[in-house]
Amino acid sequence: MGFIFSKSMNENMKNQQEFMVTHARLQLERHLTMQNEMRERQMAMQIAWSREFLKYFGTFFGIATISLATGALKRKKPAFLVPIVPLSFIFTYQYDLGYGTLLQRMKSEAEDILETEKTKLELPKGLITFESLEKARREQSKLFSDK
């Protein structure tokens with residue numbers, strides 16, 4: 001009788017473990033999906049912010065360019081045109097980010113770094129392990145207990 005009882009307990013235990021593994025897998029998949037959704041939303045917000053900024057900065061850039069060009073022509077001083085150069089870099093960068101291919105170029109560069117330059121991505125003392133965390137926790141608790 002004990003054998004039959006233990007056999008059914010083993011089956012129940014096995015079923016429970018399978019359920020837990022399946023549940024953990026589902027939880028992990030949901031978590032990864034949620035993280036990806038959050039990343040996509042953050043990227044969309046960044047692009048939207050860049051486009052919105054471009055509207056205001058583009059207006060400022062246009063007015064500044066016209067004003068500086070007019071001042072340079074009226075006063076016959078080409079030095080008035082100098083501020084247009086850095087403003088044009090900012091305008092071009094924001095346009096490229098909002099409507100151009102900057103994000104695709106950054107993505108391909110990041111993928112290239114991940115594939116070919118792995119050593120630059122390593123942590124200084126390697127991956128954090130449970131043992132290293134426990135060691136640091138013990139050392140920290142010793143400091144507090146000594147005081």
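Backbone N, Cα and C atoms are what each Cβ position is placed from, and that goes for glycine too.
Annotation comment: Swiss-Prot describes 1-52 (among others) as topological domain 'Extracellular'.
Residues or ranges marked as transmembrane segment in Swiss-Prot (evidence: sequence analysis): 53-73 (among others).
The feature topological domain 'Cytoplasmic' is assigned by Swiss-Prot to 74-78. Per-residue confidence over the topological domain 'Cytoplasmic' (74-78) averages out at a pLDDT of 93.
The transmembrane segment annotation in Swiss-Prot covers 79-99 (among others) and is backed by sequence analysis.
Feature annotation from Swiss-Prot assigns topological domain 'Extracellular' to 100-147 (among others).
Under 8 Å from some Cβ of the topological domain 'Cytoplasmic' (74-78) lies no Cβ of any residue in the same chain that is six or more residues away from its ends. For the topological domain 'Cytoplasmic' (74-78), the number of residues in each DSSP class (helix H, G, I; strand E, B; coil) is 3 helix, 0 strand, 2 coil.
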